[in-house]
Amino acid sequence: MNKSGIILIGTILFSSMAIADDLTAPIYTTGPKPVAIGKVTFTQTPYGVLITPDLTNLPEGPHGFHLHKTADCGNHGMHAEGHYDPQNTNSHQGPYGNGHLGDLPVLYVTSNGKAMIPTLAPRLKLSDMHNLAVMIHANGDTYSDNPPQGGGGDRIACGVIK
């Protein structure tokens, strides 16, 4: 095999390994007729999971952004159940606290309805995220238990992580 053949095989192998380090969730509105609004990509880094939204048609401002324990967005997002909490902390302390792992950094939506600002969830591992739901709430997030679940409010968009 010549040198260019070896380089080509190495490139293909490296590319497939890089692809394996991403998970994607197509995101849909949670209304009676769900509409596709984009996707969220999750990438493992040495510092945690990089979360890269590519979303449109959302209300401007900060939104609660969480992992939910069941990979089902049915019934207006209610089938996704509660926040992902594998250690049963029952505590909402944000992505940098010691509470449940379902807290993601707040999702910011610009005045044109787009969310594209990447964030980092330092306590998460990509291997923990298979078959979970990612949820976007109507309101911002206080990262506390008062109001309940940080005050995120209604579930306005949801996707299953694949």
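Just so it is clear, glycine is given a Cβ too, placed from its N, Cα and C backbone atoms.
Sequence annotations record features per position, and here Swiss-Prot assigns signal peptide to 1-20. According to Swiss-Prot, the Cu cation binding site annotation covers H66, H68, H83, H137. The disulfide bond annotation in Swiss-Prot covers C73-C158, and the record cites similarity to another entry as its basis. Annotated Zn(2+) binding site per Swiss-Prot: H83, H92, H100, D103, in sequence order.
Spacing of H66 (Cu cation binding site) relative to C73 (disulfide bond) is 13 Å (Cα to Cα, whole number). Counting in whole angstrom, H83 (Cu cation binding site) lies 9 from H92 (Zn(2+) binding site) by their C-alpha atoms. Spatially close to C73 (disulfide bond) yet at least six residues away along the chain are Y28, T30, P34, H79, A80, A133, C158, G159, V160, judged by Cβ distances under 8 angstroms. Separating the Cα atoms of H68 (Cu cation binding site) and D103 (Zn(2+) binding site) is a whole-number distance of 9 Å. Counting only residues at least six positions away in the same chain, the Cβ atoms of H63, G64, F65, H66, G152, G153, D154, R155, I156 sit under 8 Å from the Cβ of H137 (Cu cation binding site). In this view, C158 (disulfide bond) is surrounded by 25 other Cβ atoms within 10 Å of its Cβ, with every protein chain counted.
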